[in-house]
Ligand SMILES: *[C@@H]1O[C@H](CO)[C@@H](O)[C@H](O)[C@H]1NC(C)=O
Ligand SMILES: *[C@@H]1O[C@H](CO)[C@@H](O)[C@H](O)[C@H]1NC(C)=O
Ligand SMILES: CC(=O)N[C@H]1CO[C@H](CO)[C@@H](O)[C@@H]1O
Ligand SMILES: [Mn+2]
């Protein structure tokens, strides 16, 4: 017996509405194009450059294949040393971050040109600059869902630390263009996202300059207070409604593993207590997958050297993998291939 039609098939992303009405329309299976970016210069802690291979070693490609998702692994980007990369005030490794992201932008453009959903394995969150820039260069205007304990929207002039992984959004937003000074190796970055096309989920550690920017621009956000008040189901319903209210644009999910509570994902550079549960995180990815609009995903800030035990590393990496599987159609109710046929005695 062939199980097709009535059962929810494997790896399929169905829209929320059709799901509720049990009309699961057929939609092309997404394929994943994976880019590893072992880059850590956007922040001061070594170890985050090991993220791509740890996530691969936890079986990402195999498990995506098992759930019916085709994968092309584009391997790791390589980043050469940038000579004469002196600090500019508080800002460190500006030239290295600029040129690494330029390379990443080109790699993401290639993955999108080849027709895949782009998967960036970081590396630190400064990589969102190149990832979102490259995605937008190929698909045009897009929506950004930024899942993070932090807003990462400091400008070079508001940053309390000088770490560029706390600033990527400021370079990408049209509305902040006039607040960004000229920086070496950053001139290729063209703002490509509108503040109204951004939704934040999971915020709980926001700097004063960032809070001012978020309020000034009226950015849609669900900080942990809103997650507590509304519950994650309503947060995702409102997120999807907000993003599809105008025209339906491709979605870029930028997932910082520190959005999840450090009791689950302790192996990260800037953990903050009181985060999303594992289940809330997975629910976010399931719902975004079901929009059928997910076009690029970043999974960043996994840092094994910040863990105290091997178990901490495994829990963090395992969660990162499960979040990525959720982005590509894994359902907790189970999945089976569309050509699955029940054995008969
Ligand atoms: C990525 O780079 C690491 C070394 O940094 C290497 O061990 C690994 O095999 C590379 N992975 C891929 C898929 O190229
Ligand atoms: C893309 O967004 C910009 C800025 O909001 C807008 O001016 C432009 O018309 C949009 N392009 C398309 C094709 O919708
Ligand atoms: C990739 C890139 O843009 N590299 C440039 C970074 O800036 C130095 C000078 O500061 C140039 O020599 C590089 O070509
Ligand atoms: Mn971040």
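Glycine too: its Cβ is placed from the backbone N, Cα and C atoms.
Where the annotation comes from TrEMBL, it is an automatic prediction and has not been curated.
Marked as Mn(2+) binding site by TrEMBL: 125, 148, 150, 152, 256, 258.
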8 Å Cβ shell about 125, 148, 150, 152, 256, 258 centroid, Mn(2+) site members excluded:
146, 149, 151, 165, 166, 259, 270, 300, 301
Using a 10 Å radius around each Cβ and counting other Cβ atoms from all shown chains, which of the binding-site residues 125, 150 yields the largest count?
125
Determine the Cβ neighbour count for residue 258 (Mn(2+) binding site): the number of other Cβ atoms within 10 Å of its Cβ.
30
Over all shown protein chains, what is the count of other CB atoms within 10 A of the CB belonging to residue 256 (Mn(2+) binding site)?
27
For residue 148 (Mn(2+) binding site), write down the residues of its own chain that are at least 6 apart in sequence and whose Cβ falls under 8 Å from its Cβ; none is a fine answer.
125, 200, 201, 202, 203, 254, 255, 256, 258, 259
